[in-house]
Amino acid sequence: GRAMDIFGDLRRMNKRQLYYQVLNFAMIVSSALMIWKGLIVVTGSESPIVVVLSGSMEPAFHRGDLLFLTNFHDNPIRAGEIVVFKVEGRDIPIVHRVIKIHEKENGDIKFLTKGDNNEVDDRGLYKDGQNWLEKKDVVGRARGFLPYVGMVTIIMNDYPKFKYALLAVMGAYVLLKRES
Amino acid sequence: LRKNVDDFTGPRERSDLGFVTFDITADILNRKNVQTKQSYLNKMVFFLTCIHLQSIFDWNVKQLFVYLSVEYSTKKNALNQVVLWDKVILRGDNPRLFLKDMKSKYFFFDDGNGLKGNKNVTFTLSWNVVPNAGILPLVTGSGHVSVPFPDTYETTKSY
């Protein structure tokens, strides 16, 4: 049946065709990486696209929404802006709003954040003894957003088997696809 | 009205704490040209208007996040901004705000003692437009109120 056809295909494919398919696949991966690196350079942010992981900014953002960030250093941080930051020592980016800033003449700034949907500010989330965030903690400022699209990432995180299955299907498709 | 107390929300140093009460009258729909007016004592009355050409609530606007922020300058910090109050207005909610005698939602702590005798403490109303999908602009309403803070501390509790 179908399975035997696929094995037949694989055996009949000669070495040149296999190398060609692998190179094709490598090109797709390289192009994707180049686009991602390009985005990092253009936006100035180490992570220009992030997925919202919690409900602390509802009803504006929900779990699974996608945010587009920029991180231009000459763009000052002001109260009311939505920033994505990382707490020292932790990998998970947090998306909250700036509610307080104190900036010195030379541009040094310390600020406080809070999730729209939270009762209290984020001091409980910061490191022990840390009362303020600084420019270096910021991953980027939220400039645009798309709803729901990031759900795929969350599903892949919560169900790793789904991630492997998806990769396997993608790999098989690229390797076996024939150009007519 | 201002006191000097331990900033119990954060750093354990004595910082100035400001108390304000305010009225907000905002018609975020209209383009009517309006002025700001300051009532007496600590009460400020805002009349604010939208600076956009058409109704701000179009098909792609999911909600507005409106917030009142205060901006001032002190010897210690050249620029300070504190958000005192915020509100979410969903599409379909009444975009006209008539709020009287509001107290600030969040504590108005300065980083230090810069509120005493501060001549120029400016209050503005701004909002974040959250679309169904797309760009997230931050808009500042036209119209702001500047208030001088008193030179002395209040020692009686009257908040």
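In case you wondered, yes, glycine gets a Cβ from its N, Cα and C as well.
Per TrEMBL, the feature transmembrane segment maps to A:18-36. Look at TrEMBL and you will find A:40-127 tagged as domain 'Peptidase S24/S26A/S26B/S26C'.
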Tally of residues which DSSP labels helix, strand or coil - the domain 'Peptidase S24/S26A/S26B/S26C' (A:40-127): 7 helix, 28 strand, 53 coil
Local confidence of the domain 'Peptidase S24/S26A/S26B/S26C' (A:40-127) - pLDDT mean: 90
